[in-house]
Each structure stands twice: as structure tokens, then as C-alpha cells.
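Annotated in TrEMBL:
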DOMAIN    1-157  domain 'Pyruvate dehydrogenase E1 component middle'
DOMAIN    174-296  domain 'Transketolase-like C-terminal'
């Protein structure tokens, strides 16, 4: 348990260690941390004890620094949660370019055992974590050997309550309509993930107030999973030419949406570009290519 007073003990979200689990501080030792994650995440097989490791780190120092170790973890059928904290290329500017993560979801996409999410809100994280636990150990699952990678940010944003009638399937599969347009006018669609969702909501308001443009805002919780679903649909159609082709989930979600689509994230444009071939409308991406911010540049 915790035998000291944390420096943030007066805050609502004060640091607290629970005696019900095990907290490991390996220090600046990413390879050792992944080794500990792998040991805990394979305990269900090696020791018959189902553990759920949660590895939290600066997102730049995960798949960039120890990608081979995560591949080995996949080979060993590790289960658990990987939390890429301080994610995004522009949201952690004080520590220099080495910390400015603009591509970790792209690196994570190369590992078939990693399920990657870029959530914006706490309620999204809650549903994603529950879904992950169900896939790994749920009674109705086939005990899938997967690791969930969630990118979370250093930038404080307003956390709304979970909407009534939330499209939970959309949260899990990768996209749901967050904020329908509030005015009539020329239509557009804004797809945003993670920390860029509040930016998209600001853009929705500015477009309505200053330009009379009606914009829907969609929260994309996983560009990677949308692409994987689209590729799976294409493969199914290729292997079964005599059967009706399945429509990719992102295509289904956007079928009734009119106007051009703008996709935005705090990552390289290549990340939202993953779904380009499955989007029915004119499609443009905004992103954070380059090194990021450092001092005056």
C-alpha cells in the first residue's frame, strides 16, 4: 500500500496506490518495462493466473523505442493494456522534439495483435477498456490474445457526461456521430480523434457563426480499426465473389452524410489517411507532419 502522502493529495484526482494491485516503477527503462508487461500479460498461460497489466508511458517511447519487444510480446500471446500518455505531436511542447509523438498509432498498426484507439473522452475510454477485458477474458469471448493501445494526452479538455443513447458500437468499432450540425446550410463532415475533437467542435461553431456552414462532428476512436475492418471487407469480397459484399463500417456510418469530409488528428496525416479508400465523399486530411514544436520553431 501507500505509506506516504502524495504531493497532489489535495486535488480531486490525487495520486493513490491501491493495495489490491501491484505498481511497478521501472524508471527510464522501456525495455525492462515491456518485459514486465509481457511477464504479467502471459501469466494466464504460464502460471494459470489471469493478470491484466496496464503499462503507462510517454507514447513516443513505446512502439518507437521498443517496437521489437512489443512484437515479441505478441508472439508470446500477451494480453493487457498499453497506455501511450502525453500523446500527440503538439500537446507536449515543453520537453522537446524527442517527446513529440506524431506517429505511434501508425507504428502500432504494424502489429496484428495490437488494437489501437485514440479516444477523446473518459466515457469512450471506459467502454473501450470494458470491451478489451471482454475480448481477453470475457465469458462470451474466445479469449483473444490481444493488447489494447490507447493514446491519451497532456492537454486538459472539458470532459462531458456520457451522452444518452450513445452509439457504443461506434465507439468500439471506431467512429460515431458526436455532435450533429445545429443549423441549415452548406454541409460538411468533420472527423476528429483524441485531443483534436475539441478543436473540431470549435470549428463547428465558427463555421456556423461566421460562414453559415453546417458541420457534423464525428469522434473517431480508432482510425486503425476502421482500416482493418475495411480491408477485411475487401478480402471477404475477393474470396467470395458470388456473395454480396459487406460494406465497411466507416462507409456505413458516413453513407447518409453529405458534403466534403475533413479528417483531423494531432498525428501525421498518414494516420487519418488510412480510411481514405473507404470514405464515400470528397476527403481531405489535416495533421501534424514534421518534428513538432521546439523553442521558437
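Cβ coordinates are placed from backbone N, Cα and C, and glycine is handled just like the others.
Please treat TrEMBL annotations as automatic predictions, because they have not gone through curation.
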Residues of the domain 'Transketolase-like C-terminal' (174-296) by DSSP state, where helix covers H, G and I: 46 helix, 26 strand, 51 coil
Confidence summary (mean pLDDT) of the domain 'Pyruvate dehydrogenase E1 component middle' (1-157): 91
